[in-house]
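**Q** Annotation comment: TrEMBL describes A:703-712 as compositional bias 'Basic and acidic residues'. TrEMBL lists A:797-806, A:929-943 with the feature compositional bias 'Pro residues'. Here TrEMBL flags A:1-83 as domain '2Fe-2S ferredoxin-type'. Feature annotation from TrEMBL assigns domain '4Fe-4S His(Cys)3-ligated-type' to A:83-122. Feature annotation from TrEMBL assigns domain '4Fe-4S Mo/W bis-MGD-type' to A:221-277. The region 'Disordered' annotation in TrEMBL covers A:703-746, A:784-812, A:848-869, A:926-960.
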Ligand SMILES: Cc1cc2nc3c(=O)[nH]c(=O)nc-3n(C[C@H](O)[C@H](O)[C@H](O)COP(=O)(O)O)c2cc1C
Ligand code: SF4
Ligand code: FES
């Protein structure tokens, strides 16, 4: 800690930071634009000018940019200095020279950093009297709206999009006062983090396009702290709603997880909650049509069904712990299925036990950013856990930080650090069957089949710890590669191994864990991260239950009279014949879900549940972080949280059947009235999830004896917006499941527990930039601590498991007659809920499902893929370096139920083959021609069983 | 389809690759590569820009951002001859505005435009380092000093009379 | 190389092709290289150059030896380092480097070789202005010639030092002359300056130690190494050592550039070398060293044109090539021309420069066109205050732009007033 003197007042400042950060942390109002806590300083906007004095004798001092000046102990500076203020006011005036002053029609209005800073500098009179320069804006696709005239040229957009997120299609064009930020031509922004531009851009150039179409001022939006449900990473979000619709999703800073950025799936995937596919009333089939019925009618029907015989419950990895646990309480643990296939469950169980047993670190996303050697073993994280991919992208910057340290250049001097790091080698290794987005920053990539990747992993583990079993029949080149990777990992201070279950292979995860634990014997910082598929895969796995195959078996033997399925679309997991058989074997199917799925057509009863935006719930992310989401909308009856339906079902049965399972009053679901009761019961019933109740303060939480307000202080139009119905003020909805007021009345301060912050705003700072006031230190933890409770934070102290000989798979052999079919790494489209979001659907529509095949072999432009639901006629896409014998297709987009790996036959297209419905047949597939400077692809050599795995290796171009 | 829509010919591609290989990073060669394209086609079409970007392992957007920041890389077609008439201080003192007006009148264009017959593009340029012979201009690759009206007349005559290739 | 009172231009004959390797050697070339590579350590060279008090001729006037001393001392074989010749000469009114490049490119090559040896860089780059076509051809030929004769390449003179030169032709951006923007441009990025630290000497091109020196600076080196620091110091008239290329453009009888002892007063340059003003024109003021230096009036004609004297007089030596404002040229028009140039050439990176300079240029255009308002002078003055001090803008471009304006607003106050009250330019611009 250092002391700086700010206008004569001593303030504590963190050494190693810059004066701008120090001023902001001291609570001072100092305007800035180009600086961003995650992007560092570049000194472009010149807005943060202060006067610095060299010592007490120095009466003149000089104007410096606070963001470019390191904190030194005893530094003397003045924000209030007249000349510094005048300069800052001038800077704003220059920025506004060409600005359109269109605040009334600007989406940023009311939460605009430029507005805030303009007011802060006191600029209020326009002196420029000449015509403004104008630009034309571009159509950047379904997510991001562009209004270039509002640009103040702070360069944040390109620094985020290009430098930070690795996007290639946004650049700065032209020069002087004509600089233009956009794409070379109109078109969809391709990077998966494009939506962050809306938050990164301090004015209204880049805005959230779907929000723009359903626009509301920030002060008219109510916010709810929430957790993203589109993958298992557990990014924290704010859901903004007005009236009964969700208007947008914003990033909610969690210093350990998503920090400042969210992927586009998380930002734009929410659209399903407003979609016509929502279930708004109980339904039952009347004359072959699902027809709305009164809730009581539905419940009575259920009671009759339950009388028919055993009830089995099927939970879901996309549903909260509360939903799953309530269902388990209804049917009893023995009759509860996780709703996962056996293969899925084997993988998730395996992941759970590997993480529990890992003697090293289970890193958070933020930890991963500082890993100095990373091996990604058989997972395309950019598709399955995009935010994690973004964290790995930052990890390759570690060497440049070390170079900066050596050159005594502070790490936040962004441009300088990038210059110094220009030649620093990356320590990221990627072993995947198909190319991934991170390949371009990897030192080496390995292209081979999952089994071979697992073998490589076991070989690396053996190199690091000879006690780990050797891999038989390794070819020399692979052994040499294993040596290289092992050496880098061993030399690293904070190595990290990432794997996952994308390819359905426990062996891959075992191999990853075995490397990580081999490293951990020498280095406790060695981390292991395993990517799971769904937002609550981890929670569900800890809860445990039967697999879907178990359910099928029970159904086949007539052991099931009624199936209650909560938030699970079995048609995505069971192939059509199994599903048909299940439907035939089970007399009564009851579905509790928020969204119509193919399965709901056949259910005897459908009960309308709430999506994550309308209820409170708890999820466990893949890193074992238990987190709570809160509702942005209080649903109107009959829609209610799934657990409430389950409780009602329980009440129904208990009135006519005294022999139901679980009469234990402590866990009797009929006594639950609020969500906190469910979570508390869960915590008691399931020791591994005992902390669930503490994931966030409960609904009784009060600040200053008040609920927390969900809206900024000036919410307007509560009556006006309903004026076509009635001008009487409506009381805000009361929700027993939250500590929020659902109105602008209530308590709010930066000191609230971080899990309960519904929006970011402090006096003078109306935009998201106000976040700095909510953090203990800029870029550090939230004031109330980062949200969530970590299950695996401390390495297991249980004695290491006796070394188990892992099942090292045999080397992969391509087959003549069939291809090994693996999932294509695709972000938009495969995920169930986001696919129903109109903006995501529009984004993925541009990219029809194709069949990716090795570029080495010539394939016709279309081929027929034979799957268990029949033939699919698909355009083919050649993929460079894809190993022989492997084909890729996007999960769930060709055949709805899709588990990988599987083998499939390909044949030339015959006219009879069905075109995969829903997609326009694309023209000829154009191969992406790589630069001739990229080393010629090494054609994978077909592997014969005797020679062991052979990987095609693309070392990163190393130039002298 | 104009030549600007054809892929870059092999020899030019080879030349650009050679430039790239001579640099520690291919992108260092980007200005040189674009200059090669321009010296052959007189301007850099979007099609050619994309080709160069691919050869240099850059994104077209990235490369275009660089191309558009430089004054002498033309992203729009120019005439068969380009007159860069210095508009910096010494030439201005020595009467370049007068010459420019005259040129515009005889060619019936404004600075930045190309004559209707596609023969001449007139562009203002930064000091050509020929201030001791101001006013100065660069006609294609040839530096001319002490420019006066008779010299301009001779020049426009030869340039416009020359048959198009 | 024989000591002469004009070493830089001794071999230059404007009417003939530049000397080839043989002619160059015969006239004394390569002596310095022999001496340096055979008998001196790199530190010896740095020491000689420091002693000679050679200051950078690119405009900023930083001590060359001192600049080199910040480069890490590792031998060239152990660390990649760059020596870069700044031949981007784009400062309006400046035409000295072209003279050296076209007249004797081997001198530059030898200068680069010596500098590279001193800092132990094996990679040389000439960042040449794209418009300098003749210079480019001659330089390319000279590089070939030097390579062919073993003066460039591996193990030069068998002394174990290797060095080669690569040419980069710019594509037209004044800011590329600024040394850090030059590095960014060489990396194939948009030409925007970089912040320091890291200084180029430790983290320059691609993060490697790099030195950027002006062409004229480098051309002095062979002579300094051959003849010694004392000799060099004795060439100058005041505190600074050596000769300087001075030049004059505008309404003088014989515009041109001449190599003269550093410190020669402007009156002597104009009267003895440029043959005085053209008949009918009198000198009103002059920019002593390019567009980004402040105006001096006739009272400063006897100031010694060395770094500190010109500074004392209120301007900068800059490039040493003066632009004369005569009594028949409108100073407001001249300032408009200058500021329009600076506005157009702003890279667009920092706000004050990007959006302040065009404002200035528009104000000047309005005043010149007769639509000026009385407050405009205040607006201009505000800009000179806000943009003029280094450190407020990202680089020295905007302060450079403000130098002529700030001085002009004072010197030509009456002209501004006349434009505004008379709604237009009272002076018809002389054609
Ligand atoms: C806007 C700007 C333009 C410049 N242009 C040039 C130039 O064209 N040529 C040059 O040699 N130096 C130029 N300089 C100075 C260089 O930044 C640098 O100081 C010089 O090349 C160093 O060489 P020296 O030490 O030998 O003078 C310019 C500086 C600025 C701020
Ligand atoms: S578009 Fe936005 S982020 Fe980009 S430079 Fe302009 S104001 Fe900054
Ligand atoms: S925030 Fe400091 S210069 Fe932009």
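The backbone N, Cα and C atoms fix where each Cβ goes, glycine too.
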**Q** Over the domain '4Fe-4S Mo/W bis-MGD-type' (A:221-277), work out the mean pLDDT and round it to an integer.
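**A** That stretch averages a pLDDT of 97.
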**Q** Give the residue counts of the domain '4Fe-4S His(Cys)3-ligated-type' (A:83-122) per reduced DSSP state, in the order helix, strand, coil.
**A** 25 helix, 0 strand, 15 coil
**Q** What are the helix, strand and coil residue counts for the compositional bias 'Basic and acidic residues' (A:703-712) according to DSSP?
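**A** For that range the per-state counts are 0 helix, 3 strand, 7 coil.
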**Q** Could you pull out which residues elsewhere in the chain have a CB under 8 Å from any CB of the domain '4Fe-4S His(Cys)3-ligated-type' (A:83-122), counting only those six or more residues past its ends?
**A** 29, 31-33, 45-51, 63, 128, 132-134, 145, 147, 149-150, 152-153, 177, 202-204, 207-208, 211-212, 215, 217-219, 761, 764-769
**Q** Report the DSSP secondary-structure composition of the region 'Disordered' (A:848-869) as helix, strand and coil residue counts.
**A** 0 helix, 10 strand, 12 coil
**Q** Tell me the residue counts in helix, strand and coil for the domain '4Fe-4S Mo/W bis-MGD-type' (A:221-277), as DSSP assigns them.
**A** 10 helix, 20 strand, 27 coil
